[in-house]
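Below is one structure, written out as structure tokens, with a few remarks after it.
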Amino acid sequence: IASIFAFATCGGFKGQTEIQVSCPPTITENKTITATFGYPFRLNEASFQPPPGVNICDVNWKSYVLIGDYSSSAQFYVTFAVFVFLYCIAALLLYVGYTSLYLDSRKLPMIDFVVTLVATFLWLVSTSAWAKALTDIKIATGHNIVQELSPCKKKEILCYFGSVTSMGSLNVSVIFGFLNMILWGGNAWFVYKETSLHSPSNTSAPHSQGGIPPPTGI
């Protein structure tokens, strides 16, 4: 369930950022241009769009885009979360349907333990990378875009930052990423208890007791 929330809150995001533009005395009232972005957050493909049929300050705003490509971090995070979800389904079927096979085998618990440790580490890596990318996305779609747009650097064009879609769901995706890391890290202990590392073979028990075994019978 936690992995579902992780990839759903990130992969389903759509938003836009707005800029108010005017160029007195030609256009005295502010006109809005917008740039729409979303998963996988290739901001360098999100161009600005003026209102249909409106020429704002004789600038081809569609040729200007946001800055940055954060698709690698976002796709790594979402793809890994999806694979974890599928692995959880397969593990649940094994635990419920083939419990005796799992308990009688020495390899399956060990494989499960290793996969759990790897998953915990990858949750840390993927979530940290996505959290850093999200911070950069907020900067790239925030007030700084006014300073980066070439037309806004001209004296005759006045640009003001308007608004940007709330990224609360993306913050939630980061929280669920670290929550998954904690869950998998805690689960590693329970899986470890099923392995031979926690319950070593009893073949060495007589050797550890020392002394001479008592005679059998009288």
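Each residue, glycine too, has its Cβ placed from N, Cα and C.
Bear in mind that the values here come from a model prediction, so they are computed numbers and not experimental data.
Lifted from TrEMBL, the feature list:
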DOMAIN    1-196  domain 'MARVEL'
TRANSMEM  76-98  transmembrane segment
TRANSMEM  110-131  transmembrane segment
TRANSMEM  170-192  transmembrane segment
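Long-range contacts of the transmembrane segment (110-131) within its own chain (CB-CB distance under 8 A, at least 6 residues past either end) are made by residues 10, 73-74, 76-77, 80-81, 84, 87, 91, 173-174, 177-178, 180-181, 184-185, 187-188, 191-192, 194-197.
For the transmembrane segment (76-98), same-chain residues at least 6 beyond its ends with a Cβ under 8 Å from one of its own Cβ atoms are 3-4, 6-7, 10-11, 39-40, 108, 112, 115, 119, 122-123, 126-127, 129-130, 173, 177, 180. Averaged across the domain 'MARVEL' (1-196), pLDDT for the predicted model comes to 90.
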